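Scroll down for the structure; my scribbles are underneath it.
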Amino acid sequence: MTRARPVRTRWWTLLVALGLTAATLVAAPDAEARTRPVRQPVAVGSGGAVATVDPEASAIGLDVLARGGNAVDAAVASAAALGVTEPYSAGIGGGGFFVFYEAATGEVHTLDGRETAPAAMRVDSFAPGGSALPFAEAVTSGLSVGVPGTPATWEEALERWGTITMNRALAGSIQLARRGFEVDETFRSQTESNADRFADFPATRELFLPDGEAPAVGTRFRNPDLADTYRLIAREGADAITTGPVAEDIVETVQQPPVDPAADRVVRPGLMTTADLAAYEVVEREPTVSDYRGLEVYGMGPPSSGGTTVGEALNVLERFDLSAMDRTQALHHYLEASAIAFADRNRYVGDPASVDVPVEELLSDGFAAERACLVEPDAVLPRPVAPGSPDGSYTGCPDGGIPGGESPEGPSTTHLTTADRWGNVVSYTLTIESTGGSGIVVPGRGFLLNNELTDFSFTDTQGGDDPNLPGPGKRPRSSMSPTIVLRDGEPWLALGSPGGATIITTVLQTLVNRVDLGQDLPTALAAPRASQRNGTTQAEPGFETAELQALGHTFTPTAELGAAAAVELLGDGRFQAVAEPTRRGGGSARVVEED
Ligand code: GLU
């Protein structure tokens, strides 16, 4: 089923390949050193690069690259490892968006592996009798579980662009799940903060609360059930999840959530059937693209709002010379552009199979010019900013309209970026929605089910025109923003982040820092963040608020926004892989041959 794809050869790739061969002859690569997990925020070198939030996941991806695998192979291998070590953020019970720059053709491809609502879902499924369910009740339920898309995404990516089988891609993670990994503070505290609800589901409790509590830092966490499930996928592909005994287990778990009879938790059953699972399809989408100061910024189209919102905000910002402004003015423009783009996101973006999303107009220069004229240098636009009219007729600054709205945001999800010596690049964000997803482990299978359907609007938030209401077979709007930036037609930078709708602002701010504010990538990524989503602005400690407050901005402190992972291609066959220095305990950036 898998096949190797020819890759376009560049002069430097030949040099790199020759260099690697010579190095291999002189001294066999130290596979043990390579597979040793290393927590480090920056790595520079050649032969391929990987950046994730987790040392084990980066080491597994690196090993695949070093053994001759390409960026797609490494991305799938690292993602599978994240399913083991970051089970509360991502895994085979969830979905994601995979963006790929293919060196052989110079094209950017995107795969939509988003979770999908069952055929029985209705517009009022989250608002029976007209009033919205309490959010927490919807999160920990069978009702919010969407049909998972992650195994099918891995399969599609490997079949189309990979060079290794699923069996090889999962080999490292199967071992990892069996031998276990060392519990760190992030894993412990994420378990701890979920302990109440995990305790109410015997299967979840047995897996994640051994001895009745969160595993201690420094102990080994093993998941043999997940290793067995991965082995099934390794043998049978994604069908192992969407048909047969695992599919039956998923459906039973969703329809009759296995809650402890002694628990007094209301756990609503879900609507998913085996037919829903069997019908799941990964969809190849057109990427979004926006030109930004001579760069081409590629992103994920609907049902993610990532590409259109990052792209629209950049188009608005392009009307201003940020690099000539002082920092306060540049950050003010960043916050205003973000608020404007979110107003339009909320009004216009949903699943393109159900609503007509005006992607081209949202990303047009005419619309950006109309929206940019709202921005005042010395005043803050009143929130919420009303959405604009991306209708092709752009005359001036509009006013009036319906208010936007903000959705609850969690810190879940994970992002990884890989690049290989042939110039292929992957930017992949995957999730199970909340940290810990629905809180429900499929008994005996070792993984949590997502609660992605809580990304739908429960009731109309847009005056009768909400594009993101639930529906049969519909995919909820996402904010995931896996991004690849080309410079002079060649990949230059790839990045993404978790963080719900703050994903969009993390990606946007990192791009502004790197492109406009003269920061190198490690500085751009580590810099304190602020997130403006057409409401209050969240700001991390250290984000300069005083002068922005004088302009009229107000801030809500927040401990952390996002956990980005990025790779910059330095142009001579070398890479700078960059992960978080401190957020979520710090990530892991690796290259095959360090400088
Ligand atoms: N479900 C969210 C989305 O697709 C991601 C969850 C998170 O990052 O917290 O936008």
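Heads up, the Cβ atoms here are built off N, Cα and C, so glycines get one too.
Please treat TrEMBL annotations as automatic predictions, because they have not gone through curation.
The shown structure was predicted, so the numbers you read here are calculated from the model rather than taken from an experiment.
According to TrEMBL, the features are:
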- 1-27: signal peptide (SIGNAL)
- R114, D455, S478, S479, G500: L-glutamate binding site (BINDING)
- 386-417: region 'Disordered' (REGION)
- T413: active site, nucleophile (ACT_SITE)
- 457-482: region 'Disordered' (REGION)
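Annotated features taken from TrEMBL, shown on the structure.
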residue : record                   : Cβ contacts under 8 Å, 6 or more apart
R114    : L-glutamate binding site : G95, G96, F97, G146, G149, P303, S304, E452, R475, P476, S478
T413    : active site, nucleophile : S89, A90, T429, L430, T431, I432, E433, M480, P498, G499, G500, I503
S479    : L-glutamate binding site : S304, S305, G306, T309, G499, G500, A501, T502, I503, I504
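DSSP gives S479 (L-glutamate binding site) a coil state; it is part of no helix or strand.
Around the Cβ of G500 (L-glutamate binding site), a 10 Å sphere holds 24 further Cβ atoms from the protein chains shown. Checking the recorded positions R114, T413, S478, G500 against ligand 1, the ones with a C-beta less than 6 Å from an atom of that molecule are T413, S478, G500. When the binding-site residues D455, S478 are compared by the number of other C-beta atoms lying within 10 angstroms of their own C-beta, D455 comes out lowest. In this structure the residues listed as binding L-glutamate are R114, D455, S478, S479, G500; their two most distant Cα atoms lie 14 Å apart.
Excluding R114, D455, S478, S479, G500 themselves, the residues of that chain whose CB lies within 8 A of the CB mean position for the L-glutamate site are, in sequence, P303, S304, S305, T431, E433, E452, P476, R477, M480, A501, I503.
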